[in-house]
Amino acid sequence: MDFELEPTLESIVQQDTLKWIFVGGKGGVGKTTTSSSIAVQLALNHPNDQFLLISTDPAHNLSDAFCQKFGKDARKVDGLSNLSCMEIDPEAAMSDLQQQAQQYNNDPNDPLKSMMNDMTGSIPGIDEALSFMEVLKHIKSQKVDENDDKDKISYRTIIFDTAPTGHTLRFLQLPSTLQKLLSKFQALSGKFGPMMSMLGGGNQQEMFDKLNEVQKNVTEVNEQFTNPDLTTFVCVCISEFLSLYETERMIQELMSYNMDVNSIVVNQLLFADDDEKPCKRCVSRWKMQKKYLDQMAELYEDYHLVKMPLLGTEIRGVENLKKFSKFLLTPYDPKVNGDLVTSLEEK
């Protein structure tokens, strides 16, 4: 390229059209801290808009990051009135789905019901599927127009703190997977619907009507996920071989889904060159990190490559996230920002 992209996420934070931001990467690389930092900066830079941060990771670390308990319903972050968080529980969603299924037909020998259970159970990443449906349900309940009640919320952007890489990619496959599944259900409705109604399955039509509505929502979201004006993916990694390898694999797969990805956040960097008295281990590790950073700079020259420092403590609480997240917009400089990092470590 003839020019180097700025090493920040400024373009994402300032982009007016973004509706969805996915944050993902290998386990243990700082996805939750990064997604929380992005959400905090969005909220700070756009105080008149509402934002929602959702964890689809079964480990659920948002409560730890903000030092505040979150659950399956969106809850405001203390200290940031325009940011809400929620943690989706796939197991609870599965239980709800099983209970709802009973209302349509209590006959365990119903062949259509048995077939549907088999098909549902064969979805790759059923827990992610249920998480996805939970997100759709919640967003739809929150979406408002001019005639809705004023106490309802319309979110400008929704940020996903995703599960480790493999789960993330299955989650992103779900729109197309669910579309195929629902198409099969619709085909069954055409073939067996009249017969099931004659046999007393009057509720079958209601079920298929709901499935049609779900398919419409899934199709709409799928179109948004592949629109770079509406959706982007932020990769998170550390400067090590396995993490770099996983990041490249993930980027290639995201591109196969036609998803926009042009930003990489590299966490846990030592910057030992600027340390007055670095230990031998720090120097050795920094040399290793620098080797892979140089490879990333060459491999991802057309990406925003954001370098975040390693701290001696965890980043927890809104105030600490506000300080740390600044480095997503202004590149970290050890000589300039050293005191800020020290203050974060002392808390």
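Positions of Cβ are set from backbone N, Cα and C atoms, glycine also.
Small disclaimer: the values here were computed from a predicted structure and weren't measured.
Under the heading ATP binding site, Swiss-Prot lists Lys26, Gly27, Gly28, Val29, Gly30, Lys31, Thr32, Thr33, Glu240, Asn267, citing sequence analysis as support. Residues or ranges marked as active site in Swiss-Prot: Asp57. As annotated by Swiss-Prot, Zn(2+) binding site applies to Cys279, Cys282.
Between the CA atoms of Asp57 (active site) and Glu240 (ATP binding site) there is a gap of 23 Å, rounded to the nearest whole number. When the neighbouring Cβ atoms lying within 10 Å are counted for each of the binding-site residues (Cys279, Cys282), the highest count belongs to Cys282.
Gly30 (ATP binding site) sits 20 Å from Cys282 (Zn(2+) binding site), counting Cα to Cα.
Secondary structure at Gly28 (ATP binding site), as computed by DSSP, is coil. Within the same chain, residues at least 6 positions away in sequence whose Cβ sits under 8 Å from that of Thr32 (ATP binding site) are Ser55, Asp57, Asn61, Leu62, Asp64, Ala65, Asp161. Closest by Cα distance to Cys279 (Zn(2+) binding site), from the binding-site residues Lys26, Gly28, Glu240, is Glu240.
The recorded positions under consideration are Asp57, Glu240. Their Cβ neighbour counts within 10 Å are lowest for Glu240.
Cβ environment of Gly28 (ATP binding site): no same-chain residue six or more positions apart lies under 8 Å away. Considering only the residues assigned to ATP binding, Lys26, Gly27, Gly28, Val29, Gly30, Lys31, Thr32, Thr33, Glu240, Asn267, the longest pairwise Cα distance works out to 19 Å.
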